[in-house]
Amino acid sequence: MNSNASFFNHHSFILTGIPGMPDKNPWMSFPLGFLYALTLLGNGTILAVIKVDQSLHEPMYYFLSILALTDVSLSMSTLPSTLSIFWFNAPEIPFDACITQMFFIHGFGVVESGVLVSMAFDRFVAIRNPLHYASILTHSIIGKIGIAVLTRAVCVVFPVPFLIKRLPFCSSNVLSHPYCLHQDAMRLACASTRINSLYGLIIVIFTLGLDALIILFSYILILKTVLGIASKAERLKALNTCLSHICAVLLFYIPLIGVTIIHRFGKHLSPVVHMLMANIYLLLPPVLNPVVYSVKTKQIRRRIIHVFQRRKNRT
């Protein structure tokens, strides 16, 4: 019996929609579908506006395009399994598909963190050296930054599927989320997971943690530069260009910190709390980032309004 269970668990996992309330899963299908649709619509609009409007072909908006592409990719990583369980009541996922999804979810999470660091550097250069902004952040430099961010993510996340694949699973194969996460699959193993835990901690500290410190240091330098500007109006104008990025950073890191704290210290909490926090971390930034940049960035807001007005006039 144990041998059969071990064989089965190595070939599939069972995903969980709403813990303890599987009959409520259909009620979540439409809200989740709506959120995914908003993610595609919002980020697609940002990408289209930046592509069409020549005045937005600047470093800041190129980085915003990369952020939008990352948000769409992160959402698409969770979409198949989420729709499978909530729309089609098919919670089983093959083991190889699970670790593949795990790679993309964690990979795009690291990419997003790296993109936010790049955007902080962009704001620092724009405020510290406005006259040399375009000459410093050329198309070539932006391309190299994008490749470096992607390469770093692939390198640090690449070992994760292999670390999971080496573990024996001989008891439950039920995951606590509607998608595969390293820490979630790891807890089902019936052998020591010390190496997995240590590697996961190293990734968090030297990628997400280090990125947060770099962003903080960038804004300390930005604030120091802004305070040296004589005109109050110019100081406010400079800070206003950073508001959208600050919101994006908070949308990414606050849920991440919440998920980390609950995972480490909230084992006594209801599984529903774990599920909600994980969904907020993965779904909230891709949905809200386009909204933040559309509202806070005057050029993008004007272009979107212009498109809607032109369509209205045609009708």
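Each residue, glycine too, has its Cβ placed from N, Cα and C.
If you look up TrEMBL, you'll see 42-293 marked as domain 'G-protein coupled receptors family 1 profile'.
Sequence-distant neighbours of the transmembrane segment (30-50) (same chain, 6+ residues past either end, Cβ-Cβ under 8 Å): 56-57, 61-62, 64-65, 68-69, 71-72, 75, 79, 82-83, 86-87, 283, 286-287, 289-291, 293-294, 300, 303-304, 307. For 30-50 (among others), the entry in TrEMBL reads transmembrane segment.
Under the heading transmembrane segment, TrEMBL lists 62-87 (among others).
Only residues 6 or more beyond the boundaries of the transmembrane segment (99-121), in the same chain, are considered here, and those with a CB under 8 A from a CB of the stretch are 60, 63-64, 66-67, 70-71, 73-74, 77-78, 80-81, 93, 145-146, 148-150, 152-154, 156-158, 160-161, 164-165, 179-182, 185, 203, 207-208, 211-212, 214-215, 218-219, 245, 248-249, 252, 282, 285. Positions annotated as transmembrane segment by TrEMBL: 99-121 (among others).
For the transmembrane segment (141-164), same-chain residues at least 6 beyond its ends with a Cβ under 8 Å from one of its own Cβ atoms are 59, 62-63, 66, 99-100, 102-103, 106-108, 110-111, 114-115, 117-118, 121, 182, 185-186, 195-196, 199-200, 203, 206-207. Among the features that TrEMBL reports, transmembrane segment is placed at 141-164 (among others).
According to TrEMBL, the feature transmembrane segment maps to 198-222 (among others).
Taken from TrEMBL, the feature transmembrane segment covers 243-266 (among others).
The transmembrane segment annotation in TrEMBL covers 272-293 (among others). Residues 16, 18-20, 32, 35, 38-39, 42-43, 45-46, 64, 67-68, 71-72, 74-75, 78, 105, 112, 176-179, 181, 244, 247-248, 251-252, 255-256, 258-259, 262-263, 266, 300 of the same chain lie 6 or more positions beyond the ends of the transmembrane segment (272-293) yet place their CB under 8 Å from a CB of it.
Cβ atoms under 8 Å from those of the transmembrane segment (198-222) belong to residues 106, 109-110, 113-114, 116-117, 120-121, 123-124, 127-128, 152-153, 156-157, 159-160, 163, 182-183, 186, 238, 242, 246, 249, 253, 256, 260 of the same chain, restricted to positions at least 6 beyond its ends. When pLDDT is averaged over the domain 'G-protein coupled receptors family 1 profile' (42-293), the result is 92.
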